[in-house]
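Enquirer: Have a look at this one before I ask anything.
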Amino acid sequence: FRLVEKKTGKVWAGKFFKAYSAKEKENIRQEISIMNCLHHPKLVQCVDAFEEKANIVMVLEIVSGGELFERIIDEDFELTERECIKYMKQISEGVEYIHKQGIVHLDLKPENIMCVNKTGTRIKLIDFGLARRLENAGSLKVLFGTPEFVAPEVINYEPIGYATDMWSIGVICYILVSGLSPFMGDNDNETLANVTSATWDFDDEAFDEISDDAKDFISNLLKKDIKNRLNCTQCLQHPWLXXXTKNMEAKKLSKHRMKKYMARRKWQKTGNAVRAIGRLSSMAMISGLSGRKSSTGSPTSPLNAEKLESEEDVSQAFLEAVAEEKPHVKPYFSKTIRDLEVVEGSAARFDCKIEGYPDPEVVWFKDDQSIRESRHFQIDYQEDGNCSLIISDVCGDDDAKYTCKAVNSLGEATCTAELIVETMEEGEGEGGEEEEEE
C-alpha cells in the first residue's frame, strides 16, 4: 500500500500483517527488532510501526525502481559486464553490513533486490522476514529459504553461517551474467536435488563472453563446503569487483536468456512451484524498521514526533485498509505431497500446502504411526499454509507411506505419498564424488 503522511504529504510504503496468534506476532516483532539494527544505504529503511489487536503495520521508505532483473530485461537497458560489477558490488556492500551486525539474511534472491529509481543504477536489499541473528556460530539450523537460491547446508539441515548468504550471492551472480540458472529444475524437488549435489559448470556458450575474473568470483562462492566460500569483504577485494570499470570494454551481453529465465520463473510462481520453503512471516514487497514502541511494548527506536501525527490518528488511517476477517473453511490441500525416491544417507522432503480457516492442526504419519519431531524427522508448518516433513540421513527403515493430516473445527483432509529408499551396496560411491568445481 502507498501511505501519505498527512502533515508533510510525503509518501511511504505500508506493509500490513494479520497476526492472530502469539507466534505470528512474535515473528513480526523479531523482524522489527532485526530491522532496527540495519541502517545502511543499500538496505531499505523503515520509519515506524503500529500494532492494534491482530493488525500490525510497518511504514517504510518507497523503493520505486522495480526489481533489478526486471530492469535488466527492459528494452531501454544495456546489459554489460561492467553493469553486473556495479550491481554485485552494491549487493556485497549491503550484505557485508548485515553480517557485521551479527545477522544473516537467508532469503537473498532477485525479487529482494530493488532499484531505487527507474533510471539510475543504485539498488537496495529488501525483505528481512527470514533474517536471523547468528548469536552462537555453528549452532543455528533453519528449514526455510527459496529452493533455487538456498544453500546445501539449509536443505541438509546442517549448521548455517554468514557463508549461507554467500552461496545465494553466487547464484544471483551466475544468473545475472548469463541469464541461466545453475540449479533450477522443473519442480521444487528437482531444484533441491540439484542444489544438494552442488554440480554446475560454465559450459554454456553464454559464458564465452564472460571474463575469467567473473567466473572465478562465482566459483569461489558456489562451493559446497561452507568453510571455503568467500566472505563479503573478500568479495569486495576480489579482482572482479575491485577492478576499475571506467575503462572496461562495454560489450553488450545478450538478454535473450535472461528474458526466458524471467518468463519461466513467473510461470513457475503462478503454479506455486517456486516459493519459499516455509516462510516464518508473510512478507510484502519491502521491509525494515526504525520506529517507536508498539502498543505491546516491543522495543524499537524513538519516534520523531514531527514526522507523523498521533498514533491514534495515523494507525486508524492505516488500519482501515486491512482486509476483513477470513471466512471459515474446511481444510483442503492446494498442493499435495508426491512420491519420492532418494538414496540412502541423503535427505528427503515432502511438501504440501494446506488451506482452511481456522488454521488447521497438522499431524504427519509414517504408515499408521504418528511422527514425533526429532533430529531425524523435522516438521515445518508456516502461517501461509506451506507444510513440510524433512527426513534427515534417510535409511532403509524410512521406506514407507507418509500421510499429512490437516484438521480444524469444520473437518479434516489427508494426502499420502510413498518414500522409496535406494540402499547403497558396500563400497558403492567410494571415490565417486564429483569435484565441486573446476
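All residue numbers here begin at 1 and follow the chain in the order shown.
Glycine residues also receive a Cβ, built from the backbone N, Cα and C atoms like all the rest.
Below are the features I grabbed from Swiss-Prot:
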- 292-303: compositional bias 'Polar residues' (COMPBIAS)
- C352-C404: disulfide bond (DISULFID)
- 283-438: region 'Telokin' (REGION)
- 289-309: region 'Disordered' (REGION)
Enquirer: Which site among C352, C404 has the most other CB atoms no more than 10 Å from its CB, taking these as disulfide-bonded residues?
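Expert: The largest 10 Å Cβ neighbour count belongs to C404.
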Enquirer: Across the region 'Telokin' (283-438), what does the pLDDT come to on average, as a whole number?
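Expert: The predicted confidence over the region 'Telokin' (283-438), as a mean pLDDT, is 71.
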Enquirer: Under DSSP, is C404 (disulfide bond) part of a helix or a strand, or is it coil?
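Expert: DSSP assigns C404 (disulfide bond) to strand.
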Enquirer: I want to verify one value. Collapsing DSSP to three states, which class is C352 (disulfide bond)?
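Expert: Where C352 (disulfide bond) sits, the three-state DSSP reduction gives strand.
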